[in-house]
Amino acid sequence: MVNGEAEAECTRASLLGRYEIGRTLGEGNFGKVKYARHLATGAHFAIKILDRNKILSLRFDDQIRREIGTLKLLKHPNVVRLHEVAASKTKIYMVLEYVNGGELFDKIAVKGKLSEHEGRRLFQQLIDAVSYCHDKGVYHRDLKPENVLVDRRGNIKISDFGLSALPQHLGNDGLLHTTCGSPNYIAPEVLQNRGYDGSLSDIWSCGVILYVMLVGYLPFDDRNLVVLYQKIFKGDTQIPKWLSPSARDLLRRILEPNPMKRINIAGIKEHEWFQKDYTPVVPYDDDDDNYLDSVLPIKEQIDEAKQEKPTHINAFQLIGMASALDLSGFFEEEDASQRKIRFTSTHSPKDLFDKIENVVTEMGFQVQRGNSKLKVMKNGRGSKNLRNPSSFLVCTEVVELGPSLYVVELKKSHGDPILYRQLCERLSDELGVCKTEQIQRTESLEDDLESFDSGSSLPGF
C-alpha cells in the first residue's frame, strides 16, 4: 500500500509539473476546477481537482469512476475530452478539454431564443454527439442546456457524464431501471418506475433542448413538481405556430410521450428539417491515451471505506449534485427542510388510502380522510393541541399523472423524525415502494441539512 501511495504521489507531481495552474473556473462539493496551460505545448486545459475523502464520505466514488470510465470511451468533437487522470493520496486530478464559451443555457438566456438556422446547426451537433455516444453503448441520462458547453467557435460540447449508463447497467430485459435526470428534461417513461430505453429517453431530452433553443422557454414547466410530472407524462405542451412546419413536425415527433411511437436517432437524421445544410461530424481517431490505463489507484481504499461507512446521501451532495435525484424508484426529495417525499404507484387512490389508513391505524395514529387527501395525526401526551412539541402531523395527497399512474406525496408538517421514519418504513413494506436503506437516505438528508445550515459553502459542480 505504501509503494502504491508513493507511486501515486510521483504521478501527481509529474502531472502538475507539466502544467501551469491558473485561475479557478469553478468550485463545488468535491473540489475545484482550475484553468491550466501545458508548459510544453501552450495548450489550454481545465483540471478538475477532486477531494478523495469527500468523494468517499459522500459515497460518490462510483459516480466519479463512471464519469472517468465513460469519458475514456468517448472521442468526438462535440463531447468534452478527457486527456489525463492522476491520483494522489488525497486528490484526484482530471485533465479535461478547456471549453471557454460557457453553457448553452447562458447563450439562450442572453439571446432569448435562437434562429432556426442557428438552432438547427447546434441540434445537428448535439444529435451527432448523442448518436456517437449511443453507438458506444453510453446513455447520458441528464442532457440539458447546462450540460452542453459552447466553445469559442460556437460549437457545442456535451459534458457531465456522472449519471451516464453503460451496457453493464442494463437489466436482463435490456432496459435501464435507475431513474436519473433533471425534472424538466426527463422523459415520461422514466417517471413510470419501469424499465426504459436509454436511447429514447436521451432523444426526449434532446427534443426539450431543441424546443428551448427555438422557442426560448421550457415546453414543460411548473413550480409544483407533481403538476410538472403530469404535463410531461401527458406530453402537454404547445408548439408555437410561428415555427416552420417542418420544425414543428420534428418537435412533435420527438416529444411523443409514448416511447414506442417516438422518432429515433435515424429518423431524426433523415428528417427534412434536420437534413438542411447538414454535414455529419467525423469522430476523432482512436488515438491511445496510455496514461488513462492506470486511472485511479484507489479501489482498495474505496472498498475498505465501503465496509466501514453506511450508505446514505447528505445535504451537501443533494445541493451540489441535484440532478442525481431518483425520481421514481424511491421517494423523490424536493425540499428536505419541508420533509416532503414522493413516490409513484399504479394503485388506485382508494386502494392507496385504504392501505395507508390500515397501516397508520395499526401504529396508533389518528386519520382524517378527504377526497384526495389524508391526514395522519398523533396528539402529544394527551394534549389536543397538534402544535405540542410531542405531537405529529403528516399530510398525504394522491395526484393522477396519467392512466393507472399516480404520485403519492407525504409531507411532515411537524413531529419526531424517528417516528416519521418508522411510518415511512411501514408504508414502504405495505406498498412495496423501497428498501430500508433508501429510507435511511431520507433520514440522513433531514439530519444533515440541519447540520449543513451551520456553516458550509454552496457547491457549484
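From the backbone N, Cα and C atoms, a Cβ is placed for every residue, glycine too.
For the ranges 130-159, 160-189, 370-399, the feature annotated in Swiss-Prot as region 'Activation loop' maps to 160-189.
Matching 338-367, 428-457 against Swiss-Prot, the residues noted as region 'PPI' span 338-367. On its own chain, Leu25 (ATP binding site) has Lys32, Val33, Lys34, Tyr35, Ala46 as residues at least 6 apart in sequence with a Cβ closer than 8 Å to its own Cβ. Mean pLDDT, taken over the domain 'Protein kinase' (19-274), works out to 81 on the 0 to 100 scale. A sphere of 10 angstroms centred on the C-beta of Val33 (ATP binding site) encloses 20 other C-beta atoms. Secondary structure at Asp142 (active site, proton acceptor), as computed by DSSP, is coil. Take the CB of Asp142 (active site, proton acceptor) and look out to 10 A: across all protein chains shown you find 21 other CB atoms.
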